[in-house]
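In TrEMBL this protein carries:
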type     : residues      : note
DISULFID : Cys73-Cys84   : disulfide bond
DISULFID : Cys78-Cys94   : disulfide bond
DISULFID : Cys96-Cys131  : disulfide bond
DISULFID : Cys102-Cys124 : disulfide bond
DISULFID : Cys113-Cys150 : disulfide bond
DISULFID : Cys156-Cys266 : disulfide bond
DISULFID : Cys274-Cys290 : disulfide bond
DOMAIN   : 95-152        : domain 'Kazal-like'
SIGNAL   : 1-17          : signal peptide
Amino acid sequence: MRVWIVFVLCLAGHAMAAPTEEEVIVEEPVTEEPVVEEIEVGANPVQVEVGEFDEAIEIVEDVVEDVAAENPCLNHHCKKGKVCEVDESNTPMCVCQDPTTCPAAEGVFEHVCGTDNKTYDTSCHFFATKCTLEGTKKGHKLHLDYIGACKMIEPCMDSELKEFPLRMRDWLKNVLVTLYERDEDNNLLTEKQKLRVKKIYENEKRLQAGEHSLDLLAHDFEKNYNMYIFPVHWQFGQLDQHPVDGYLTHTELSPLRAPLIPMEHCTTRFFEECDADSDKYIALEEWAACFGIKEQDVDNDLII
């Protein structure tokens, strides 16, 4: 838990607002995926800049006419791996970036691992390479797997898989409490979210953050079940951004999965099995079930 909390605050304050006008390409199955700087403790795992993981989102904003006349690319945004160029009629278009034009990595901390088990110098090199493979079978299957150089990830045993949600639930609860404690005028949480978290924060029965045995985590979930309902819903809402449709895709899960995999080797299998009907999307009901939330407590109104 201590490692998770450090990871959490490292990612605070980036992606609270979803981009406008997104177009989503069909995602690969949930089966497979910035530099995490050491800052002080705890922010939301999805508050990594989402752009680092956008494999299927292209955003085009309204172009101001006078500026567009000079350089239409100034307000034409391309997804990761592509750059803007203008054609003969001065119309902006997105084309694949040449991987050799990507800035060199400043250190090994910029390396990322693809689902092809190949280490790429930076996320720029990865997405540029993926773009050049568009339309091919290899490109269709290639995704960013996790942050860091490729390494041996131990298989996740059944017994370990059962332990994963115990730590994850407690982590999500403490992420919210940490954000609440630090959110004065930082807009880390909305007013409605603060009201929900305040009840958890002020509950004298709340299990404090720290290293706890699995037995204690299981006991706390059973005795203080209601404290975990909102954190699970909240995290779903933070991930469901492209678009906000009540389903999590491979790309939407990436900001949470990619940094976690090197630390928690059951991450990939956990999210694979959350997709109970194997339709490549994780619905809120499936997500809640993964964390032990009862069916009658699943509530779309808690995604605030």
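Each position is counted from 1, following the chain as shown.
Using the three backbone atoms N, Cα and C, a Cβ is placed for every residue, glycine included.
Keep in mind it's a predicted model, so treat the numbers as computed, not measured.
TrEMBL feature annotations superimposed on the structure.
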residue	record	Cβ neighbours (10 Å)
Cys78	disulfide bond	21
Cys84	disulfide bond	16
Cys102	disulfide bond	19
Cys113	disulfide bond	23
Cys131	disulfide bond	22
Cys150	disulfide bond	17
Cys156	disulfide bond	19
Cys266	disulfide bond	24
Cys274	disulfide bond	19
Cys290	disulfide bond	20
Whole-number Å distance separating the Cα atoms of Cys84 (disulfide bond) and Cys156 (disulfide bond) is 42
Across all protein chains shown, the one of the disulfide-bonded residues Cys94, Cys124 with the most other Cβ atoms within 10 Å of its Cβ is Cys124
Cys274 (disulfide bond) to Cys113 (disulfide bond), Cα to Cα, whole Å, comes out at 23
Mean pLDDT across the domain 'Kazal-like' (95-152) comes out at 93
Ordered by sequence, the long-range same-chain Cβ contacts of Cys96 (disulfide bond) under 8 Å (at least 6 apart) are Gly81, Lys82, Val83, Ala128, Cys131, Thr132, Glu134
Disulfide-bonded residues Cys102, Cys113, Cys124, Cys156, Cys266 vs Cys78 (disulfide bond), shortest C-alpha separation belongs to Cys124
What remains of the disulfide-bonded residues Cys73, Cys113, Cys124, Cys266, Cys290 once a 10 Å Cα-Cα cut-off to Cys94 (disulfide bond) is applied is Cys73
Rounded Cα distance in angstrom between Cys290 (disulfide bond) and Cys266 (disulfide bond) is 13
Listed in sequence order, the residues of the same chain lying six or more positions from Cys73 (disulfide bond) whose CB sits under 8 Å from its CB are Cys84, Glu85, Val86, Pro92
Reduced to three DSSP states, the domain 'Kazal-like' (95-152) has 21 helix, 11 strand, 26 coil
For Cys102 (disulfide bond) and Cys113 (disulfide bond), the CA-to-CA distance in whole Å is 16
